[in-house]
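Participant: Starting off with a structure, shown below.
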Amino acid sequence: MQKVTFPNKILPYFLLAPQIVLTVVFFFWPASQAIYQSFMREDAFGLKSTFVELANFTAVLSDPNYLHSVQVTVVFNVLTALLAMGVALLLATAADRVIRGQTFYRTLLIWPYAVAPAVAGMLWLFIFNPAMGTFAYLLRRNGIAWDPLLDGNQAMGLVVVAAAWKQISYNFLFFVAGLQAIPKSLIEAAAIDGARGARRFWTIVFPLLAPTSFFLLVVNTVYAFFDTFGIIHAVTGGGPAKATETLVYKVYNDGFVNLNLGSSSAQSVILMAIVIALTAFQFRFVEKRVHYS
C-alpha cells in the first residue's frame with residue numbers, strides 16, 4: 001500500500017483541528033468541570049463553594065436511593081440491549097431473504113432511528129396511555145389493570161420497549177450488513193448436508209455475526225446509559241416512586257431539580273468511570289470469544 005503524503009505539513013493538523021476542538025469542548029472540558037465540582041460543595045446559586053475532598057462520593061455511595069438507581073440501571077440496560085438486539089437480528093434475518101419489495105421494507109425499519117428520543121417516548125406513552133391508549137384499552141379488556149404511572153414494573157416495561165424500539169433500526173442496519181457479508185456458499189453447503197434452518201443459523205450464521213454482535217453490544221450498552229434520558233424524562237420522569245430513575249436521570253434530578261451540584265457531579269464522575277470500566281471489560285474479556293475470520 002502506497003504511503004499517503006501531504007504537500008503541506010500543516011494540512012494534516014488543519015484537518016484534525018475540528019475534531020480536536022469538538023472533543024475538547026464537548027468532552028474534556030465538561031469532564032474536567034464535573035471532576036472539579038465533585039470535590040466541592042456549592043450553594044444552589046453557585047455563589048459559594050467549599051472543598052470537601054471525598055465527602056460527595058462517600059455520601060453518594062452510601063445513599064440507598066443511589067444504590068437503587070444502580071439496580072434500576074442494570075435491569076434497564078440488560079432488558080433494552082437484549083430486546084433491541086434480539087428483535088433487530090430477527091428482522092434482519094427476515095429482510096435478508098430475497099423477497100419482493102425488500103428495499104421498501106428495509107426503509108420502513110430504518111425510519112424509527114430518526115425519531116428524537118423524547119418524541120419516541122411520547123409516542124409509546126400515547127399508545128399505552130391508561131385513559132385513551134389503544135393498547136391500554138386492549139389490556140383492560142383482557143383483565144389487566146394497566147397504569148404505568150402507578151405501577152413501577154409496568155413503567156419499566158414501557159420505557160424498555162420505547163428505548164429498544166428506538167435502537168432496533170440502528171442494530172438492524174449492522175445485522176443486515178453482517179448477513180450480506182456471509183458467503184452464501186457456506187449456507188448452501190450446510191443445506192445440502194441436511195442441516196435445517198435453525199441449525200444453519202446457530203452453527204454458521206450466528207458465529208460469523210460475532211464481530212457485529214460484539215460491536216452492537218458495546219454501542220447498545222452506552223446507548224442505554226446515556227441516550228435514553230429523553231425517553232425516561234418524557235414517559236415517566238423517573239417514577240413512579242423512582243422505579244425508572246436510572247443513573248443518568250438521577251444525575252439530572254439531583255443537579256438540575258434539587259440543585260445539589262456537588263452530589264450530581266460526583267454521580268456523573270462515577271457514571272463515567274462505570275461506562276469506561278464496562279467498555280474496557282467488554283473489549284478485554286468478551287472480545288476474546290469473538291473470531292474475526
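One-based numbering along the chain as shown.
Yeah, the Cβs are placed from backbone N, Cα and C, and that goes for glycine too.
When I checked Swiss-Prot for this same protein, it listed these features:
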- 66-282: domain 'ABC transmembrane type-1' (DOMAIN)
- 10-30: transmembrane segment (TRANSMEM)
- 72-92: transmembrane segment (TRANSMEM)
- 108-128: transmembrane segment (TRANSMEM)
- 155-177: transmembrane segment (TRANSMEM)
- 204-224: transmembrane segment (TRANSMEM)
- 261-281: transmembrane segment (TRANSMEM)
Participant: By a Cβ-Cβ criterion of under 8 Å, what residues six or more beyond either terminus of the transmembrane segment (108-128) are in contact with it?
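Facilitator: Answer is 91, 95, 134-136, 146, 148, 158-159, 161-162, 165-170, 172-173, 227-235.
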Participant: What else in the chain is close to the transmembrane segment (155-177), if you only count residues 6 or more beyond its ends and a Cβ gap under 8 Å?
Facilitator: 72, 75-76, 79-80, 83-85, 87-89, 91-93, 95-96, 106, 109-113, 115, 117, 120-121, 123-125, 128, 148-149, 209, 212, 215-216, 219-220, 223-224, 228, 231-232, 235-236, 239-240, 243-244
Participant: Grab the same-chain neighbours of the transmembrane segment (10-30) for me: Cβ-Cβ under 8 Å, and only residues 6 or more beyond its ends, written as numbers and ranges.
Facilitator: none
